[in-house]
Amino acid sequence: MIKEYYWYYIAYDELKRALRTDFVAEPVPSYAKRDRKPWTEEDEKHFVSLLEGGLEKVFNFQRMKSEEIVRRIQSSEKEVNDVVSRLESATASGSRRQSVRSNIHPPSDEDFLVLEQVLSDIIADVHDLAKFTQLNYTGFQKIIKKHDHLPVLVFNPQKEFEEEDTAITSIYYDNPDTWELYQGRLKKTEGAEAIRLRWYGGMKSDQIFVERKTHREDWTGEKSVKARFSLKEKNVNAYLAGELTTDTIFDKMRKEGKKSEEEINNLEQLAQEIQYRVITRQLKPVTRTFYHRTAFQLPGDARVRISLDTELTMVREDNLDGHRRSGDNWRRMDIGVDFPFSQLPPEDVERFPYAVLEVKLQTQAGQEPPQWIRDLTASHLVEAVPKFSKFIHGTATLFPDRINLLPFWMPQMDVDIRKPAMRRFGIERPLASTSLSANETPEDEYDSDEDELDDRQGLTNGDRRGPRNDLFADSDGNTLDIEERIAAQPLPGDEDYPLYDSDEEDTIDADELEEARRVGGMHYYRQLAKYYAQQTGSAVVSGLIALIPRPRPTNLPPPEQRGIAVMGNKRTPKVYFAAERTFLSWLEFSILLGTIAATLLNFGNDYITFASSWAFTVLAALALLYSLVLYIWRVDKIRKRRDVKRVYYEKWGPTVVGVGLAVVLLVNFILRARQAGFTERDDYPGNGQGSDSGEL
């Protein structure tokens, strides 16, 4: 709870006591459990009046704080625009080098610091108000559950806190007998598809998006794609059953003429393919995913896109086990977007215990993500799970008796992923501000000495931490407790967890180049040439490094046997070391054959020795060439995670080399034996051949 908001919270204890009537008789130690008086109409009115009073108190305070925050945001927006205009005017005046001195004074660093503090205070107030609203909402919900007959407590459930605006619901389809779509998406096979129907908002949403996601392997040169088209909710069942043709669906679109004929043809082809697959493969609704999505992105800038999915819930949509959930409809209708779906039995719902944070970057080749993105992904707040799929997780969890191949992250679900905080993350109120008003100047703002100001400016990354020994300062409900403050302090002599901090001082970034462009002249062209030279050099170096064969972390595709799908997110170098050891073994064998060939060639004096040496030389060269090609092939396959079944077992190479060595040795032995005369029949008495002095 926030101290400043204490008197405006729900009076939960008072409401809880109002639900209890008096005892019929005072309890005694011998029989402490006495009956209570029946619930009367007066008790009902008293409780309802308390509840309505609490609701009105919370609502008025929330509205007052919201209006105050809006006014402060508008005031801050004017100040920011004023500072920006002064900065642009001063920059333009300086670039034109006017002879007349301008009366426009550029903003100082202190102006930016004041704006930063004001905006930080506004953000902290918004965060506090959100916590206040959520806590009161939870309190009212819990007190509602303790009373069974209060129709006044249904406050327009279709538009509760406008949650429907951020709700996203998807229905995934698959064949309940083969689970071919699940298997394909999990194994990441080429062309694996996922078909889903998605809508935004509540159950009254009339626009349904039919989507298909297709996975493409890297060796195809194509990228995975997602295509979709919209459909009216009343036409979904007819479309999936094949009763509604695609010509009818897109006939209205053609008449409107808002899209080109090529776009309409592509959408129509997509609709035909999805309809054909649903009918021929007998796809049925199996899994529903529900979550609230909050997206973060700068307007007009798609370089960094962040989405946060909360309250993620998976629900069964099938008709298996004798339970008709969706029936003949394309989705079940007994639930909506009323998280946490308490009306469902436990076997039909899976509430994901974490939020899903997805960061999408659009950076140039060789360009690193922003520092704050790297800090976020390496922090204690998140746990990396590459290739996480809501469809795969929900299906594997809701159908444990029918799914035999599990995703690699399933064992992590039983392990606490929380890690100790190495840095200070989250929204914190600046130490110099209070929770009364962000735009008011604190009384002691100008009483701080210069040392404190220097310490404040010396902090990096805009982190206003204040004195590090102030561990027991009063908190406002939005700061760290004592243990977290101690854990957040850096170790002596240790820096603040630098991550990939390899930027050199002589590099030219985009901001410096933009500043040079404003100045103009030869300075700009020198900076521009230096910038492009650095970019070209970095690209050449990156290309050369990419061509050098070296161990790279990799993930191996899942094996075919049943069990956990090995799609791990850690790439170990031991696989590459094993390939290198195999190559060295082949190299040693080739050197041994070459040594035998050289010995025979140097010390032999007949044609048999010469032929044998050449045979061993050819065999050694073939073995050496084979081992080199095999090593390069294996490293490439391991790096690309392709065709793993044949990477570790090669039956033809060792067989051919072994047979060749046996043939060379056997031929050499036979030729030597014939040369020595062991294969010819000797002359001796009794062999039927007499001597020259025998009888005629």
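Quick reminder: no glycine exception, Cβ is built from N, Cα and C everywhere.
In TrEMBL, the coiled coil annotation falls on 250-277 of the listed ranges 54-81, 138-165, 250-277, 474-501. Taken together, the residues in the coiled coil (250-277) have a mean pLDDT of 83 on the 0 to 100 scale. For the transmembrane segment (652-671), the residues of the chain that approach it from at least six positions outside its boundaries are 589, 593, 608, 611-612, 615-616, 619, 622-623, 626, 630, 679, judged by C-beta separation under 8 angstroms.
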